[in-house]
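Here is the structure we will look at, set down as structure tokens.
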Amino acid sequence: MFALFFVWPAAIGLYYSFTSYTGVGPARFVGLDNYTSLFADSSFYAALTRTLLFTLMVVPATYVVSLLSAVLLTSEYTRGKTVARVIFFVPWLISPIVAGVIWRWLFGENFGLVNYLLLQVGLHEVAWQSNGNLSLIIVVIASTWGSTAFTMLLFIAALKSVPKSYYEAAALDGAGPWHKFRYITLPGIAPTSFIVVLLGTIGAMKEYALIQALNGGGPGSENNLIVQYIYRTGFERAQIGYASAASFVLLLILMVIALVQMLVNRRMEANR
Amino acid sequence: MSATTAQRPSPSAQRKAAQRSRRRAEAPRTLGATAVLWLLVVVYGVPVAWFVLSSIKPAGELFSYPLTLFSKQPTLAGYSQAWTQFDFYRYFGNTLLVATITTVLTVIASAAAGYALAKYRSWWLSAFAVCVIATTMLPTEVILSPSFLVVRDLGLYNHLAGVIVPSILTATGVFMFRQFFTTVPDELLEAARIDGSSELQTFFRIMLPISRPIMITLAIFSFQWRWNDYIWPLIVLNDPKQYTLQIALQSIVGAENVNWSVLLGASVISMAPLVLLYLVFQRYVMSADLNAGLKD
């Protein structure tokens, strides 16, 4: 099964990426043509840059917010943790499609709650949908909102496994909360942090449903992400060979990112 | 270090006083931390609350200024309109079928694979383990077009099976089980063998029952993944009769003129089952030690 649905598609995908296959008829071998035209295609670059930009914003945002909420949920100083946990989890349950609808509803230009509130406090309405950068930021917010709970769960498990005696020792040495967090908590959850960043990066690089529901990659095609690009060329324009080439570029990028992160992780562990 | 504190003699009265003063000193901290926590809760909860509250407003009130949080005349018109306008029974049925079958198969396959990886030694098992790690790198989204061709050539295009079969194997599931089964002592396995239990019997009668917490956790996760899946069903299914909930929903979102009151109603209907399911099983999700499965 594994071979059938992962190894085999990968292999024929690699083969088709060298052909001009359109889904029907014979696949004509065209060598590296797909790759050369891909690297000459400005909309491919645009999609790639947008994807990287999106990843660079989502991953740190999710990391910070979910770590903060995990710390607060495991802290002895907070009240009402049970209710808070349930509420934090709801966004994770909501499908990316519905999440897209929710944020579109909040940030609508003529009817959204956010613009209404801005007007109430005497500010101007903001063009959330027709400004490409702003609409990307909304996707970042929505994505962070939706993926916090899962990451938070990983952090909670990690925080619980940091030995309590370290904190007691630090307290005797007169360490403040920030020092404890910086020198005990952060190193203690380092393996989890690594996983979170890795999974987050991979997840963000292949985001599709949320952006599709939120703004359809718009305004125009300004916020098309890489998977959208693959979907459009492969399934709407039936250039399967070309889309396969784009898939492989994405795959290669993911692998490089994963390798770099693993190397950095190893080096950090060696230094400790 | 904690031993030093314990050794220090402290009469109970003194300790109580110390405790009281500590609590007083901690009061601002409790207040601060709780405030931050609840601020976050509000930030996370408001979008959903606003959305659900809007869904019970009559269509005319949706856009009338000034906006109000609670509707003056709450109505379920959006819901009934959405329910009659769309084939919800069918979409629910399709999605439920896909999510349930995939979940059951995922749990069984992951348990079997995880058990094998934890308890048997052979070269091809190690090779398989490496391959499973590689699948986390190689998600279906990345090899969309080739995966589509495989499904089409197998004759699964436009069948719900085309959605189900490729998504059964998940690396997360396999590793969750592997991690759990490595903690099960080998003696248990040997005792069963000595008693004349076959390998399959041991697996089904002993190993599966003791891994119940993992099974439930993975089942909830898998169900959520499949219920919310969008891009893969979108590619495999072409016939509206086969549509899952998410694709059907997206077809309303993508319409030129969005009918918000229908869309809001339909969205709330589509997320309700999962939220209910979660509320029932949430204690299992919360106690899940996910790291066990992911750390390796």
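Cβ from N, Cα, C; glycine included.
What TrEMBL records for B:1-26 is region 'Disordered'.
Positions annotated as transmembrane segment by TrEMBL: B:30-53 (among others).
Sequence annotations record features per position, and here TrEMBL assigns domain 'ABC transmembrane type-1' to B:92-281.
With a threshold of 8 Å between CB atoms, the same-chain residues lying at least 6 positions outside the transmembrane segment (B:96-117) that come near it are 125, 128-129, 132, 160, 163-164, 167-170, 173-181, 203, 207-208, 211, 214-215, 218-219, 222-223, 226-227, 229, 233, 244. The transmembrane segment annotation in TrEMBL covers B:96-117 (among others).
The transmembrane segment feature in TrEMBL is assigned to B:124-144 (among others).
Summarising the annotation, TrEMBL assigns transmembrane segment to B:156-181 (among others).
Sequence-remote contacts of a segment are chain residues at least 6 beyond its ends whose Cβ falls under 8 Å from one of its Cβ atoms, and for the transmembrane segment (B:202-223) they are 99-100, 102-103, 106-107, 110-112, 115, 170, 172-173, 176-177, 180-181, 184, 188-189, 192-193, 274, 277-278, 281, 284-285, 287-288, 290. Summarising the annotation, TrEMBL assigns transmembrane segment to B:202-223 (among others).
Marked as transmembrane segment by TrEMBL: B:260-281 (among others). Under 8 Å from some Cβ of the transmembrane segment (B:260-281) lie the Cβ atoms of residues 51-52, 54-55, 57-59, 62, 76-83, 85-86, 88, 92, 216, 220, 223-224, 227-228, 245-246, 249, 252-253, all in the same chain and six or more residues away from its ends.
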